[in-house]
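Reading through the structure tokens given below for one structure.
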Amino acid sequence: MRWQKKIRKNKALFWFSRHISLWGSISFYLACLVNIAVAVFYPFGDDGDEGTLSPFWNISLWVALGMFTALLPVLPKPWGILFFLVSLILRAIYTMGLAPALLLLGTVNLFNKLVFLVSFVGNQGTFTRGYKAVVMDMLFIYHLGYATICVLGLFVHEFFFSFLLFDLVIREETLLNVIKSVTRNGRSIILTAVLAIFLVYFFSIIGFLFFKNDFRMEVDHLLPKGVPGTCVKDSCPDATPDDKIERVCDTLLMCIITVLNQGLRNGGGVGDILRRPSNQEPLFAARVVYDLLFFFVVIIIVLNLIFGVIIDTFADLRSEKQRKEEILKTTCFICGLERDKFDNKTVSFEEHIKSEHNMWHYLYFLVLVRVKDPTEYTGPESYVAQMIAEKNLEWFPRMRAMSLVSSEGDNEQNEMRSLQEKLDSTITLVMQLSGQLSELKEKMTEQRKNKQRLGFLGPPQPNHHVPSH
């Protein structure tokens, strides 16, 4: 940030550094257009029609160039610039000729890449970190190599421009992961490949010892220079079938080369290129076992091990990329709380990361603590400055947020209020039930007394006595 503040004083350098992405896009588009022109028209001057067009196409190119020039301020920047460059290059090719047009495009691309390098150095402050940092900065070395390839394409050969297309790998993270899928577990892949070479060497020895006569291949001999016409297989008048068959396992080295070249490239293994033996031959069974072992061990197991390592590594890289994107979208960078913690709260997750825990606000605060006079620190600033000096990050609100604390406090108060209301209503209900129970007891007591009173005051029962004689 100090370096960015410093280069703002240099208006020209700051303007170039500010548009670094634009210079990179222009370099890539120019590289694509140059390679398309080389692929379509190379070798130059063979047709003799460069710079000549029919009147219809001549007028069409001028109209297209004028139209896209007029629409350049209207169309979106990338597409407007691309259409303008395509029409300008086509017009230049058919006006000046392909070789001068490519020379002009290569010069423009080299100049644009030099501007990109100036912008890159301006943004990174590469030379301010010492020569060791410059040598160890692989991205700077890559862009410097890009400019070198532009020079080679201009002054050595046009085919050097083809290497500029690899810039797409640096520009796209998905393609970069494809390269990393091979390089990340490179040791495992190399060791498995070494095992495959050992197995090829083993099978080559067996082939040299027992199946030397089976290693015969059909070949097509080149015609001597100066002989007109072509010769394809049976059409050669002086060639016999024996002249087209060569023994390729007379030495162990030739056996190794043949098994390595033909065996690994054929889907069925080395058996696809060997002589087909008769079942009456004494080594027929051994030959079947030899072909099947090579197919199962080398083609199916070892090669699929290499492919499996590459595929699994690419899947892991893709999962890591998706996991990082998911974390960035659903987790607060400052406190680490996830999106679901803010569901049904007064503050949404978007408002939280924008207002409460904006990471740029924390960065500005760190810069303020670094540039402010320590004698003018407030209490929180002094505390944070001390924590920064101790490299302690406990002052960050990990797994905490003011909005959640306040909302949790409000929720607790609401729950306490609700519980108190329920308790009051329960007490009232109990008192009502107690009163009703007391009234019921009084009524039962009164009824029992009435029954007893009626028993004492009721008429006496008649007593009948039988007279005695």
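Positions of Cβ are set from backbone N, Cα and C atoms, glycine also.
TrEMBL entries are annotated by machine, without manual review.
Annotated transmembrane segment per TrEMBL: 20-44 (among others), in sequence order. Tertiary proximity for the transmembrane segment (20-44) is limited to same-chain residues at least six positions away from its ends with a CB under 8 Å from its CB atoms, namely 50, 77-78, 81-82, 85-86, 89, 93, 98-99, 101-102, 105-106, 108-109, 112-113, 115-116, 119-120, 123, 146, 153, 158-159, 161-162, 164-165, 167-168, 171.
The transmembrane segment annotation in TrEMBL covers 56-75 (among others).
Marked as transmembrane segment by TrEMBL: 82-105 (among others).
Residues annotated as domain 'Ion transport' in TrEMBL: 103-321.
The transmembrane segment annotation in TrEMBL covers 140-168 (among others).
The transmembrane segment feature in TrEMBL is assigned to 189-211 (among others).
Taken from TrEMBL, the feature transmembrane segment covers 292-315 (among others).
The annotation region 'Disordered' is assigned in TrEMBL to 444-469.
For the transmembrane segment (56-75), same-chain residues at least 6 beyond its ends with a Cβ under 8 Å from one of its own Cβ atoms are 81, 83-84, 87-88, 90-91, 94. In the predicted model, the domain 'Ion transport' (103-321) shows an average pLDDT of 83.
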